[in-house]
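Undergrad: To start, I am sharing the structure in question, which I have written as structure tokens.
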Amino acid sequence: MSKEKFERVKPHVNVGTIGHVDHGKTTLTAAICTTLAKVYGGAARDFASIDNAPEERERGITISTSHVEYDTPARHYAHVDCPGHADYVKNMITGAAQMDGGILVVAATDGPMPQTREHILLGRQVGIPYIIVFMNKCDMVDDEELLELVEMEVRELLSEYDFPGDDLPVIQGSALGALNGEEQWEAKIIELAEALDTYIPEPERAIDLPFLMPIEDVFSIQGRGTVVTGRIERGILKVGDEVAIVGIKDTTTTTCTGVEMFRKLLDEGRAGENVGALLRGTKRDEVERGQVLAKPGSITPHTKFESEVYVLSKDEGGRHTPFFKGYRPQFYFRTTDVTGDISLPEGVEMVMPGDNIQMVVELISPIAMDEGLRFAIREGGRTVGAGVVAKIFE
């Protein structure tokens with residue numbers, strides 16, 4: 001049996017289910033796989049195989065996640081589903097599963113519950129750009145007005161967190177009904193798939209974004225000048241391009257006079273490639289690890305931001321004790337550690353291992369950052385937390 005060839009013809013989109021415990025996220029995941037396999041072809045997955053999610057380790061954090069795939073005529077989807085609430089929190093904060101869009105599952109029998117709100121807030125903080133709502137268990141509610149009421153509540157809750165609650169798609173269905181092959185509910189799964197296709201725009205590929213490369217190493221090559229090396233995070237670097245050196249010190253600009261990979265000279269380096277870039281007129285001591293090379297004007301250095309943070313539990317190798325205000329760990333961005341001060345939300349005195357928390361961070365030196373940038377919190381080289389930049393202040 002030969003392995004099936006992965007056809008790169010359709011656009012690839014990453015999605016996932018979010019929402020309160022027992023509202024039917026995993027059942028819906030199984031229903032999407034099964035219904036779309038039936039209608040458009042592909043592999044069906046049953047509830048048990050998805051629910052029995054394998055443990056993964058992302059930056060030392062243990063996360064249970066199920067990955068499934070399905071196709072619509074227009075696209076290929078990779079979909080993540082997590083068994084427990086804590087797994088969602090970790091997944092969203094570490095960016096282990098980057099989502100281009102989320103499917104918020106709300107049981108019509110319960111309406112929005114505490115984790116519904118928490119997942120919406122997390123989605124806002126970590127930058128999930130689009131949310132589609134699947135109101136589940138609608139076969140258990142006879143009252144039309146009650147369904148309308150729940151839909152209204154969910155829309156209002158999403159608007160509260162700056163999602164377009166009035167305009168985003170809400171599909172009323174039954175995941176279990178669809179799994180059991182009932183046609184009226186299978187039709188709702190197809191409707192959900194169509195909403196995914198039309199409401200979530202095709203994500204921009206890394207190569208189409210403005211150029212950025214974190215600097216890992218700096219060398220000076222006699223007679224040629226200074227070479228910085230790193231893995232290009234996004235965009236393309238062409239010989240002759242003007243580039244900015246951003247972070248830690250004042251931003252400067254220079255010209256890239258050469259790109260090399262494995263000692264071979266290239267015309268350009270692309271997202272995902274490890275390259276060395278030769279910089280015109282830049283001295284060895286003017287650049288350092290932790291800065292980035294970027295398209296001028298595309299990214300700016302900052303010191304103060306709001307973040308959403310997950311603090312590793314003792315079992316994950318994190319701290320054994322809580323920390324308090326006045327805590328000054330290192331924040332590891334891309335390739336380097338920078339010390340920072342934290343301030344905790346009002347009324348929060350201490351943070352326990354295993355908690356997730358919003359905190360404002362002020363770094364001692366500026367780092368090139370955008371909202372959505374992930375970082376680790378470290379003490380003497382040991383990772384004790386993971387976070388994401390939610391909002392930049394200065």
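Cβ atoms are placed via backbone N, Cα and C, with glycine included.
From Swiss-Prot, here are the annotated features:
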type    : residues              : note
BINDING : 19-26, 81-85, 136-139 : GTP binding site
BINDING : Thr26                 : Mg(2+) binding site
DOMAIN  : 10-204                : domain 'tr-type G'
REGION  : 19-26                 : region 'G1'
REGION  : 60-64                 : region 'G2'
REGION  : 81-84                 : region 'G3'
REGION  : 136-139               : region 'G4'
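Could you tell me the structural context for the features on the list?
TA: DSSP assigns Thr26 (Mg(2+) binding site) to a helix in the three-state reduction. Within the same chain, residues at least 6 positions away in sequence whose Cβ sits under 8 Å from that of Thr26 (Mg(2+) binding site) are Thr17, Phe47, Ile50, Asp51, Ser66, Asp81, Pro83.
Within the chain carrying the region 'G2' (60-64), a Cβ under 8 angstroms from the stretch's Cβ atoms is held by residues 53-54, 82-84, 87, 90-91, 94, 96, 310, 312, 315-317, 383, 386, all 6 or more beyond its ends.
With a cut-off of 8 Å between Cβ atoms, the residues of this chain six or more beyond the region 'G3' (81-84) that come close are 16-17, 21, 25-26, 29, 50-51, 53, 63-66, 68, 91.
Each residue in the region 'G4' (136-139) gets a DSSP state, and the totals come to 2 helix, 1 strand, 1 coil.
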Undergrad: What are the DSSP helix/strand/coil residue counts across the region 'G3' (81-84)?
TA: 0 helix, 1 strand, 3 coil
Undergrad: With a Cβ cut-off under 8 Å, give me the same-chain residues at least six positions beyond the ends of the region 'G4' (136-139) that come close to it.
TA: 23-24, 27-28, 105-109, 147, 172-177, 185
Undergrad: In the structure shown, which of the binding-site residues Lys25, His85 has the fewest other Cβ atoms within 10 Å?
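TA: Comparing Cβ neighbours within 10 Å for the binding-site residues Lys25, His85, His85 has the fewest.
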Undergrad: Any residues 6+ beyond the ends of the region 'G1' (19-26) with a Cβ under 8 Å from its own?
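TA: 47, 50-51, 66, 81-85, 104-107, 110, 112-116, 119, 136-137, 175-176.
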Undergrad: When you measure from the Cβ of Cys82 (GTP binding site), how many other Cβ atoms are you left with inside 10 Å?
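TA: Excluding its own Cβ, the number within 10 Å is 24.
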Undergrad: Would you count the other C-beta atoms found within 10 angstroms of the C-beta of Cys138 (GTP binding site) for me?
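TA: Cys138 (GTP binding site): 22 neighbouring Cβ atoms within 10 Å.
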